[in-house]
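S.K.: Got these off Swiss-Prot a minute ago, pasting:
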BINDING   35-37, 41-47, Thr231, 261-262, 269-271  ATP binding site
BINDING   Asp67, Tyr212  L-glutamine binding site
REGION    317-324  region 'Interaction with tRNA'
MOTIF     34-44  motif ''HIGH' region'
MOTIF     268-272  motif ''KMSKS' region'
Amino acid sequence: MSEAEARPTNFIRQIIDEDLASGKHTTVHTRFPPEPNGYLHIGHAKSICLNFGIAQDYQGQCNLRFDDTNPVKEDIEYVDSIKNDVEWLGFHWSGDIRYSSDYFDQLHAYAVELINKGLAYVDELTPEQIREYRGTLTAPGKNSPFRDRSVEENLALFEKMRTGGFEEGKACLRAKIDMASPFIVMRDPVLYRIKFAEHHQTGTKWCIYPMYDFTHCISDALEGITHSLCTLEFQDNRRLYDWVLDNITIPVHPRQYEFSRLNLEYTVMSKRKLNLLVTDKHVEGWDDPRMPTISGLRRRGYTAASIREFCKRIGVTKQDNTIEMASLESCIREDLNENAPRAMAVIDPVKLVIENYPQGESEMVTMPNHPNKPEMGSREVPFSGEIWIDRADFREEANKQYKRLVMGKEVRLRNAYVIKAERVEKDAEGNITTIFCTYDADTLSKDPADGRKVKGVIHWVSVAHALPIEIRLYDRLFSVPNPGAAEDFLSVINPESLVIKQGYGEPSLKAAVAGKAFQFEREGYFCLDSRYATADKLVFNRTVGLRDTWAKAGE
């Protein structure tokens, strides 16, 4: 397959191809412009992959620009996390990082130009009055009583705003467009508002800050962006984007194109709702492995490659839709099935004693790190007469469909011996505390000599060599596919979204590092937690199960 054939095809790429073929543009220049007021989520990953991916494929450029026009909500912590997320996903921005605040002087000059042209005015209506005057979808707005001020008066009042002569909320600069427009965004939108707050880049130089719709288009033009890609909620804003650029003296006029945002089942993408989950401590932070944030997915064990593949599979369209969580999970499952080394861990342990195994002795059994990749090598795992197995892998009685250990019957221990359950010990409540077995000493990694068939295989960990591990079984944060539609989205949080177990792992897990996944054989894919794991306490997060159990539950 050629490079061109391997590229994804979508309507945005078709537009770019046409622009290049017609000579409208000779290069492609995109940008990713997040506001640094929170952590990026999987929806932002779609935009990152689109903007940076297009720049890569067309040998163009993609800027990382922080839309930092609201100092009250923004923080350098978010700037750093966003930079880290973009790099972790495998992308690199062109040149230096940009900030909308880099252009505050130019933005102010363009605002003055609009005033001089009679296209902007200082309004002293309150924010509540501005909303009231704006009208509704079915009723036109009405003009502010301050709309017809002279150019000279507006210039003087705008300067008064800039120098701190008004209190917050007492004045703003508005575009003079059309209060009867069928598009509410065009009903004299606010261009500048007053905020007496220190800015993380400009300090206290400014007390007036430009609005997104005024800043965004001018920043695109100043940077020479050829294709400004936004999600569909900004479709109506394109009219204002074009109006601003049409009415100022600027040589470049980028075009805005909209695509559908990513909606994912069993989670929320609203920054307000995500913030509420964090501040009300329903989760442990923005990087909680149940969160849809990139940092949360990374901590859970998702790889950058799996997220890029997910974004590639869902594609880019203008049609809003909701993606099944199973689609995201299948991407990480396929990635880790192919690349994760195997290990054995017992999540719900019960002791098994092999009564005829030499007492006090142990041996090493060789296990492949990956059943289909001999190049990944093998490891030596200690085996002894006392092992941990998973409680679910033993039954005193079972039907023929149960292929694990049953009283009086045989099963194979993974890469070790065939054993037979002989008896059990129980506590006062009737819970099994120990399973006693015998083993066939001539079956180490081979079939019994007499030809009898042993169908089941279970995993195990030697008691004498086991590493105590904490296992965090993460699941979907919400119990319904569309929590955002619930009257109270907090009421549908999945109470089983985190279950903590104390188990045992094989000794090789001592070398585990955060972010590197294992397949715990027969259990799922897990990675060492980056927050809670220490040298003395191993904590593993479940990234995803071996199979999509939610799909089965819904059938």
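Cβ atoms here come from the backbone N, Cα and C positions, even for glycine.
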S.K.: Quickly jot the same-chain residues contacting the region 'Interaction with tRNA' (317-324) by Cβ under 8 Å, restricted to those at least six beyond its ends, or write none.
M.R.: 10-11, 232, 258-265, 481-482
S.K.: Determine, from DSSP, whether Asn37 (ATP binding site) sits in helix, strand or coil.
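M.R.: Asn37 (ATP binding site) sits in coil per DSSP, no helix or strand.
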S.K.: According to DSSP, how is the region 'Interaction with tRNA' (317-324) divided among helix, strand and coil residues?
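M.R.: Once the DSSP states are binned, the region 'Interaction with tRNA' (317-324) shows 0 helix, 2 strand, 6 coil.
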S.K.: List, in sequence order, those binding-site residues among Glu35, His44, Thr231 whose Cα sits within 10 Å of the Cα of Asp67 (L-glutamine binding site).
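M.R.: If one measures from the Cα of Asp67 (L-glutamine binding site), the binding-site residues that come within 10 Å are Glu35.
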S.K.: Expressed to the nearest Å, what is the distance separating Ser270 (ATP binding site) and Tyr212 (L-glutamine binding site) at their Cα atoms?
M.R.: 18
S.K.: Only counting partners 6 or more residues apart, tell me which same-chain residues put their Cβ under 8 Å from the Cβ of Thr231 (ATP binding site).
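M.R.: Set apart from Thr231 (ATP binding site) by at least 6 residues yet with Cβ under 8 Å, we have Ser47, Glu258, Phe259, Ser260, Arg261.
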S.K.: Closest to Tyr212 (L-glutamine binding site): which of the binding-site residues Glu35, Ile42, His44, Lys46, going by Cα position?
M.R.: Glu35
S.K.: If one looks at the chain holding Asn37 (ATP binding site), which residues at least 6 apart in sequence have a CB under 8 angstroms from its CB?
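M.R.: Listed in sequence order, they are Asn70, Lys73, Glu74, Asp75, Tyr78, Lys271.
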S.K.: Counting each residue once, how many in the motif ''KMSKS' region' (268-272) are helix, strand and coil under DSSP?
M.R.: 2 helix, 0 strand, 3 coil
S.K.: Quick check: in three-state DSSP terms, what is Leu262 (ATP binding site)?
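M.R.: Coil, per DSSP.
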S.K.: Within the motif ''KMSKS' region' (268-272), what mean pLDDT does the predicted structure show?
M.R.: 94
S.K.: Near His44 (ATP binding site), which residues of its chain come within a Cβ-Cβ distance under 8 Å, counting only those 6 or more away in sequence?
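M.R.: Sequence-distant Cβ neighbours: Pro34, Asp85, Ile294.
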S.K.: Can you tell me the three-state DSSP label for Tyr212 (L-glutamine binding site)?
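M.R.: Looking at the DSSP assignment, Tyr212 (L-glutamine binding site) belongs to a helix.
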S.K.: Far apart in sequence but close in space: which same-chain residues, 6 or more away, have a Cβ under 8 Å from Lys46 (ATP binding site)?
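M.R.: In sequence order, Arg261, Leu262, Cys311, Ile314, Val316 meet the Cβ cut-off.
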S.K.: Within the chain of Glu35 (ATP binding site), which residues six or more apart in sequence place their C-beta under 8 angstroms from its C-beta?
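M.R.: Once residues fewer than 6 apart are set aside, Glu35 (ATP binding site) is near Phe66, Asp67, Asp68, Thr69, Asn70, Lys73, Glu74, Tyr212.
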